[in-house]
Structure formats: C-alpha cells, structure tokens
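Peer 1: Take this structure first; my questions come after.
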Amino acid sequence: MMMMTATNLVSVSSFGEFEFWFAGVKVATIVGFLVLGTAFAFGLLPGHGMDFSNLSAHGGFFPDGVGAVFAAIVVAIFSMTGTEVVTIAAAEAPDPQRAVQRAMSTVVARIVIFFVGSVFLLTVILPWNSLELGASPYVAALRHMGIGGADQIMNAVVLTAVLSCLNSGLYTASRMLFVLAARQEAPAQLVKVNRRGVPTFAIMGSSVVGFLCVIMAWVSPATVFVFLLNSSGAVILFVYLLIALSQIVLRRQTSGQNLGVRMWLFPGLSIVTVTGIVAVLARMAFDYAARSQLWLSLLSWAVVVGCYLVTTLVRRPLNRPW
C-alpha cells in the first residue's frame, strides 16, 4: 500500500509505468498458458494425445441447467471489470478522445482471447467437476500438463495482479475524489494539486481508506471486512448500469457532427447491455450466495445517494424555492 501510494504521488507517468509492467506480467502469463494449453489440447506435448472429450463428457453443456450459468455470471462479472479506468486515465492524456478510442477498440478482442480463451482451455484440460479446480484452476491445469513449479509461478502472478488492482484502484479513487471536490461535493482541499499536477490530498485520502480496510481485514476478517466486501459486490454493476443509461441519454442529446467516437449498433447494443445488467441483478436477488451482496450493495448505494442529496440541499441557497 505504501509503495503504490508513493508511486501515485510521484506523477501520472509513474502510475502508468508501473501499470504497464504489471499488465505485461499478467498478459505474458496468460499468453504462455494459452500456448501451452493449445499445445496440450492438440497433443503436441510429450505423452499426451489430442483430447477434447471434456467438452462433451461429465454431463456436457449445461450439466446443472441454465440457472447455473446465471449464477456463474454473477461471479464472473466481477472479474472482468476495470475497463472503465481507461476513461478516467485518458482525461489526463494529451488527446483524451483518441486515447479512449484506441484503448476501447481492442477490449472485446482481449476479453475473448484472454478470458474466454483461457477458460475454454481449462475445460478442455480438466473436467469442470474436478476437485483439483477448487484451489486454483490454472495451477491445477499446469500440474495436469506436467509443468513444474506451477504454485510458485501463479503465486507470483497473483501478487502482481493484486498490486496492479491496488495501483489502478488507488488512482481511480483519488481522481473520483478530485472530481467530487471540483463539483463541491467533497472537501475543497481534495482538489489541490502539486506542481506535477498530482492531487496529493485526494491520493492520501484514498490511501487512508485503503489502510483502514487492511486493518479491518486483520482485526475482524469474519464480520466487518466481510461486510465491506459484500457491500461493494454489486456496486460495479450499478456503475455500469448508470454508464449505459447515461450513454443512451447523452448520445441522443448530441448531434452527429459532435460525435468523435461512434459506438456500434446504437441504441440496440446499449439497451441489450442495460437489460443484461438488470437480469444479473435480478438473478442475484434469487441466488442465496449472492443475495447478501445485492442488498448490502443497495444499502451502500442508498448511503451514497443520501450523501449526495444532503450536500445538494446544503449548497442550495436558502432563498431558492423548492
């Protein structure tokens, strides 16, 4: 935490440099797994023949029904978030519009290759109901392929991934605090920047919250920390839902000449996105394991909305009619 705080305090470029190398380690690992997994599936590794039987064996597709797919989506969606950080970081780029367009143009391809591709190979290498998958699917797959030192490799990658999440999370939180302060919805001190343009107080404030969460994880891992974890479970879905709705509304209010980036299949694709998010949230309400996350997330969202309404009322001039 201290290292990532120091990195963010130096400059935006230092944040980007660290994130570049963190992402490089993750991408290199996934690419290596894709190459090894593909070679294993087609029988190119010594002692193994081509075998895709796991795709149809053990109950085939949907062995536990379609409902299990929705339950899996609830878990998987939280592992695929973070793309929105690009738009926040792009605001500090020389050409934000071009930066967002270049970054977002390859998002779908990256998800298909890195996420869907690696999970597909996992199901090819090991049965979906294998007990080995309980601890770490990738470690189990590497062991099954005869790769030595899989535990150490994945532990190093996981540590890198955690540092990457911490780095980007601290950056995002500090910039959100900065924007809130600029809109007079947070303490004005948070909007101050140093000579390098870094919002020092916003970063320190975000870091303090991070340290408090670490302390809660150590002091009360079974109560307070679990509450904090569950209360943020569906928040990202609320954020994505609001982003999609905002995109639909703002796009309709903007003339075609002022659109620097055009999204495919508008508004159909945006409506499908909104429908999908609502479906996942509805599914969470009926899923015993995810229900607490939904209600606690709704509670935290209500608190945020309440704080916004209070600050709005406080800033409202007393002589303004209601």
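Just so it is clear, glycine is given a Cβ too, placed from its N, Cα and C backbone atoms.
Straight from TrEMBL, here's the annotation block:
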| type | residues | note |
| --- | --- | --- |
| DOMAIN | 2-294 | domain 'Amino acid permease/ SLC12A' |
| TRANSMEM | 20-45 | transmembrane segment |
| TRANSMEM | 65-86 | transmembrane segment |
| TRANSMEM | 107-128 | transmembrane segment |
| TRANSMEM | 153-178 | transmembrane segment |
| TRANSMEM | 198-218 | transmembrane segment |
| TRANSMEM | 224-243 | transmembrane segment |
| TRANSMEM | 264-282 | transmembrane segment |
| TRANSMEM | 294-314 | transmembrane segment |
Peer 1: Residues sitting near the transmembrane segment (198-218): Cβ under 8 Å, six or more positions beyond its termini, same chain?
Peer 2: 1, 5, 8-12, 166, 169-170, 173-175, 177-178, 181, 189-192, 224-225, 228
Peer 1: Could you please provide the mean pLDDT value for the domain 'Amino acid permease/ SLC12A' (2-294)?
Peer 2: 83
Peer 1: Quick one: do the transmembrane segment (65-86) and the transmembrane segment (294-314) reach 3+ CB pairs under 8 Å, ignoring pairs fewer than 6 apart in sequence?
Peer 2: no
